[in-house]
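Taken straight from Swiss-Prot:
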REGION    1-24  region 'Disordered'
COMPBIAS  1-11  compositional bias 'Polar residues'
REPEAT    170-191  repeat 'LRR 2'
REPEAT    194-213  repeat 'LRR 3'
REPEAT    221-242  repeat 'LRR 4'
REGION    374-407  region 'Disordered'
REGION    533-570  region 'Disordered'
REGION    616-640  region 'Disordered'
Amino acid sequence: METSESSTSDYRQTEGEGEGVPGTLSTAVCEHLRKLCLREFPCGIGSWNKSRFLPQKCRVWRELVPKEEETLVPEEETVEALLGLVRSNHSPWAMLKDASAEDRFLRELAIQNPLMIKDTFFYSYFRSLRVVNKGVSLVDKDLLKFLKLEELVLSANKIEEIDANNLPPTLKVLELYGNLIASMECLCSAPPPRLQHLGLGHNKLLGPLESLYVTSHNWPQLVSLDLGFNNLTDLQNMILGLSTLRHLRLLVLQGNPLSLVPYYRGFTIDSLAHLCVLDDITVSPNEKHQFRGLNIHGDLLAREAQFVVTIGNVRGVLDSSILDPEPGPDGPFISYSYYVTYDFVEDEDMERNVSGLVEATHHDSVLDEIDKHFSGTDEEDQQEDPLDGRHRHRGRQRFHPGSTEEMSKELSEFIAKEMSQMAEGSVESGITEVDWSETSISIHSAPLPQSIDSSEELAKLRPKIDIQLCPSPGTVLFNTVHKPWSDVIPCTYEMKHTLKELIRVKAFLLAGTTVSIVEEKILSWPVVPTPVESPLPAKKGKDNNKKKEPAKDKVHKKKKEPPRELRQDPPVLTVLGSGLVYLEPLLAGEAVVSTVCNFGVVRTLETDRLTHARDSKKVKKSLKKDRSKTVPPTMESGYQPEPLSVEVQIQLHQYRSVEEAFLSLID
């Protein structure tokens, strides 16, 4: 009976005394029966069918009544006409579209034989009771009145605990999907002995003790068990309890943190030999063969999840340099670089064991660190920097939940500390230089003041960071290597994340990750030499030596002028596009989430024309390459700019055989 209710007498009593106890199962059943209107037209007994249910004596007396009075009695409806009123979709008494077959049966029965609608009929006839999304929080003892009840569905309610003593012993199916149950202990005080299916998916089951309640001692006849989308983390102990269920054939554990470990499916299949279906996927003989023997060494397998994040090409980026004026001799010299950021969950053990959190599987993979922009180095300098490891460790910042002001304050304090350290380092190493060439300027680390006392001076050194670059609470921001502009920017980024806090990983997958394309703009200015930097005596000595040199050497010396010194402004970071990548499919059993994040069109016909015009003026040696490039069409009607996009793939690592699992133990 779909969301059916108590008996008719219960309905009358509730109608007279007011509503029943709110939140109880019996109240929800009674309320649903009231909405079926089983005692109102065209159901029940009334002037529309009273003569069919009058006692025999009354009918004999009625035959003696004069015909004149007979005309005062309203005309009664036939059973077929009354049934037509509840069956027709155009009738005001028609059933709702979502009405169940049992609801339709009840209404038709109330027309054909309304005298059967009694307590004894409800409690002895119905074998199925479905109360879905009715706000039920308590299963009361009135449920025991259903003597033949075999199926009880209480999905999408507010049940936190069930008194198993109130469950009929005849139950074979108990579905509690989408409630608030935190432990199975309440069901094990007096579990229905004939139960064959138990559904506890999308509840709040948590803790290692739950494995003690899924044994054959409590559920000797259990064939199907759904524990999906809870917070169970201990796979080994859970499988140990499930292995006692000899009749278990269907099992759902996906959506739990324990299903994120690489050996989840193989270990479960090898441990439960009689299992036929796992997470709605049939267990094949080939799978059983591939994972044979894995359960023997289950305790040695690490309880951690492994993800591989791959970022491919970035397309549709606007080249901002075409909008800047040509630099004069006094600057500013403007450089642009582009990279992609994403946030990923932070492990609690990360600070103590950084290598256990992230393992770079590509030589260009670097950890995103907001303070790293102070270095002002290009890609080659980043690879050659001996302090690169220190920067990467420092970039792992912890962001706790809080207001935006608190986050900004913490970020400012962190940047101030880093600036002080870098200022000391720059004093020891001296002022760095800039390498000039015909086509590019390679800018090294800019000099910093020896001391930072005033807050105003410190504020000038801080980078202008877009608020969108701050990671979500509990996550860390990662980024690809900075790349110069091109029509297609290849990131070639791959990072492996190994995480032990599985509950935090599940929460992160439900929330998703934010992927952003960032533009970094740096302004550089020539450094005016001071008298201390260029002493006169040294120059005179050099001039005397130069007089002795031939004229050809002078020309050669002029070409080898020392590189100019530049100072850099704090980098300006701009988020060109940002969007959320949904990772819930990884929790629901998918192995890979692959998508192209589309942030819309940022380029125009005019900007593409400027870019092409600039590229056509480059060195003649690259003329062939320029000809092969795609030229933007001159007609606006045929112009279709490419949207700003980035290719992202996140893979949940899963073992495909027992050999692969054992190799992980060696590594």
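Here the Cβ of each residue, glycine as well, is placed from N, Cα and C on the backbone.
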Model confidence for the repeat 'LRR 4' (221-242), as mean pLDDT, reads 95
What residues elsewhere in the chain lie close to the repeat 'LRR 3' (194-213), defined as a C-beta under 8 angstroms and at least 6 residues from its ends? 155, 169-185, 187-188, 219, 221-234, 237-238, 240-242, 247, 252, 255
Determine how many residues of the repeat 'LRR 2' (170-191) DSSP places in helix, in strand and in coil. 4 helix, 3 strand, 15 coil
